[in-house]
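Worksheet: one structure, shown below.
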There are 2 protein chains.
Amino acid sequence: MPQFLNSADPDFEARFAEFLTTKREDAPDVDETVAAIIADVRKRGDAAVIELTERFDRLPLTPATLAFSAEEIEEYCAQVPPAEREALELAAARIRAYHEKQLPEDASWQDATGATLGWRWTPVSAAGLYVPGGLASYPSSVLMNAIPAKVAGVERLVIAVPTPDGIVNPLVLLAARIAGVDTVYRIGGAQAVAALAYGTETVAPVDKITGPGNAFVAAAKRRVFGKVGIDMIAGPSEILVIADAQNDPDWIAVDLLSQAEHDESAQSILITPDEGFGRAVAEAVEKRLETLERRAIAGPSWRDYGAVITVKDLDEATALSDRVAPEHLELCVADPEALSSQIKHAGAIFLGAWTPEAIGDYVGGPNHVLPTARSARFSSGLSVLDFMKRTTLARMSPGALAAIGPAAETLAISESLEAHGLSVRARLDRLNEEG
Amino acid sequence: MPQFLNSADPDFEARFAEFLTTKREDAPDVDETVAAIIADVRKRGDAAVIELTERFDRLPLTPATLAFSAEEIEEYCAQVPPAEREALELAAARIRAYHEKQLPEDASWQDATGATLGWRWTPVSAAGLYVPGGLASYPSSVLMNAIPAKVAGVERLVIAVPTPDGIVNPLVLLAARIAGVDTVYRIGGAQAVAALAYGTETVAPVDKITGPGNAFVAAAKRRVFGKVGIDMIAGPSEILVIADAQNDPDWIAVDLLSQAEHDESAQSILITPDEGFGRAVAEAVEKRLETLERRAIAGPSWRDYGAVITVKDLDEATALSDRVAPEHLELCVADPEALSSQIKHAGAIFLGAWTPEAIGDYVGGPNHVLPTARSARFSSGLSVLDFMKRTTLARMSPGALAAIGPAAETLAISESLEAHGLSVRARLDRLNEEG
């Protein structure tokens, strides 16, 4: 049974606070193992990567076969049925169109002193995308990571995807080709992250690593952060649905299950002003669970971490939602725009009952790599900006330096940074000499 | 002696590559100590913070004195001489004006299927700024961290600044007041980072922590990353000056020294197409070093990590500069705009000989918190965006769902995520029933 909470209950605040802090994932401490793997890859390069891939993925490779060849990619891609190919192409086109709107603008202006100020955006030169192998090897995630990088203008884009026992997902390779990925390495785990960050004889190092992975991948990304850029460290994900009684309980039920089926530690939450509707949704969930393919995952997720919360009105619903700061937020209410404008913290908002969250996972256009585990309080979904960086620009005229230089000199002296002050003073003296 | 390199020399590539990878900082491994401190603060709250502050800063505090009182702040601020106060106010106004231009725009549009897409930016609710104590307690850094947060719309903005032996820098408190900081805690180290991230009885937790610090602070930020957002992990900083022979060697010398005086592991690099000019600058550096207040820091930095690189032309200079990806880049050449447009990787560019880097440290307007240690390849200086996050928005009309829903269903099935497909199918079936 999921938790049933009602904001009118006297113990609600205590129960909701406890619900918020319930730990859903016990990440194993693999930090030492990962540190050793990274050190090994830095020291022995390809040899270490090949040895570790043989050990963990039972896959013998050589430097020449670390990456898929063009012919192999061609062959695998040819295996994909037309319907799936077309769906991937539609998704890619929509994701591209959305992300192109994110391209930031450069700026330049002159202020009252005559100083010219501004900034300029440039792409990261090379990016590496991590794609999990096995069950969680999602072609949609390839598109969601690779397309923003391409739109940003990344010159060299590579993927690392493990293929345990040599099992390859042709859709992943097709998604990579559609997105314009240059090279696909069949390596995974901490050894792949280390190879991308530091390079080996065969794998050229990249500047930024993104993409989800298991505990080893997450620990490796945390360790190489600084040497390269990384995206977020993904935690267990969640959906929160705010729905009034005008909805079909079964629609809301499958929406909740579409999160629960990802992972036993995923979380699905319904907030509704109608207690009876909440019960109806919970019943619909149970009914769907009887036949759902992934009921062995979705069932425990819903029972252990799911919740149905009854509130007195929609204002209270948004306030509670902000405390959850959900990765995905569905607003199945009469005026979803009005409700949306009240929300402060959410990774992605899906407005109205005709927008199931699954649309956003594949073909909506916005990115499905989103901040999990309450991190929407301070971070955003993956975007073109994650593959770009901003250089600030400043040019002083002699007049501008005369106007603001003395203040800089004063502050430099107050911070005991004499050379800072001298670098301004040398120029101010010249101006004074020249009169 | 700094290194003298010439790109015409046969061993140049080898020497430059080695120069690039020279490690300038041996960060002590304080990770275990920091993990214990964080665990202690999470467990014992205020009591742990107070005990650790007494141990490390020799400062006895109580929960009531963890933060400066309004009266104390008033008293300290009154000690600041008018010239310094005015300089801080000028700096604050210029930093605010620059950062206001960074405020991002929301977007909303309808695509050809009738889907409404877009995004909305919102500020982080609460941010904590770390300010080092002692020698590196810079009021300018308070402005550079606090003003972007205020411009972003952060509701609660606090500072943690250690005051070892009770020694307070009045300028730091005045900068905090000018910038609009709400609370200043006199705590530091890993214990301050832990208190800001997890909260104690007295310190309310924040969502984002920024600001520089020593090895303990850096390790603590790395550890709490995920629970809260952090800015970058700052490494040893650097300046690269590209200058032609038309410059005054002494101006360039003091510019190089203004970086070298920060830290023995700071790096100052001159690239010039004129070998004789390079020698003249090196001589001017030696002359300035004879009397510079911080020669005991700037001297070793320049001798151990400084370099003068002669190149055949300015194109080669920009190519080498991109391989360094410097935090600060000065372009002291006839047409700095043209040269700037060729640069791919730099934290901040200072155009023309009238723009010493020190202007950017204080009053230029752009942020002085910039990516160090080659991380300008993938990251940007601190900005308003660091204190905001973006929520993506999507609304399907029934027609839009009919147009793109089937592709989502196809992809969901191909990824074995049945509930994802069902959440789309349930709605498509309704549309079909309704005809």
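We count from 1, first residue shown onward.
Including glycine, each Cβ sits where the backbone N, Cα and C put it.
From a predicted model like this one, the values you see are computed outputs, not experimental measurements.
Annotation comment: TrEMBL describes A:Y130, A:Q191, A:N214 as NAD(+) binding site. Here TrEMBL flags A:S237, A:Q259, A:H262, A:H328, A:D361, A:E415, A:H420 as substrate binding site. Residues or ranges marked as Zn(2+) binding site by TrEMBL: A:Q259, A:H262, A:D361, A:H420. Residues or ranges marked as active site, proton acceptor by TrEMBL: A:E327, A:H328.
Feature map: annotations from TrEMBL on the structure.
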{"residue": "A:Y130", "record": "NAD(+) binding site", "Cβ within 10 Å": "27"}
{"residue": "A:Q191", "record": "NAD(+) binding site", "Cβ within 10 Å": "28"}
{"residue": "A:S237", "record": "substrate binding site", "Cβ within 10 Å": "23"}
{"residue": "A:Q259", "record": "substrate binding site", "Cβ within 10 Å": "31"}
{"residue": "A:H262", "record": "substrate binding site", "Cβ within 10 Å": "23"}
{"residue": "A:E327", "record": "active site, proton acceptor", "Cβ within 10 Å": "29"}
{"residue": "A:H328", "record": "substrate binding site", "Cβ within 10 Å": "26"}
{"residue": "A:D361", "record": "substrate binding site", "Cβ within 10 Å": "27"}
{"residue": "A:E415", "record": "substrate binding site", "Cβ within 10 Å": "21"}
{"residue": "A:H420", "record": "substrate binding site", "Cβ within 10 Å": "30"}
All-chain count of other Cβ atoms within 10 Å of A:N214 (NAD(+) binding site): 18
Among A:Y130, A:Q191, A:N214, A:H420 (the binding-site residues), residues with Cβ under 8 Å to chain B, listed in sequence order: A:H420
Check: same-chain CB within 8 A of NAD(+) site center, minus A:Y130, A:Q191, A:N214: A:P132, A:A160, A:P162, A:G188, A:G189, A:A190, A:A192, A:V193, A:G213, A:F216, A:V217, A:A220
Inter-residue C-alpha distance, A:H262 (substrate binding site) and A:E327 (active site, proton acceptor) (nearest angstrom): 14
Binding-site residues near A:E327 (active site, proton acceptor) (Cα-Cα within 10 Å), from A:N214, A:S237, A:D361, A:E415: A:S237
Rounded Cα-Cα span from A:Y130 (NAD(+) binding site) to A:Q259 (substrate binding site), Å: 22
A:Q191 (NAD(+) binding site) and A:H328 (substrate binding site), Cα-Cα, nearest whole angstrom: 31
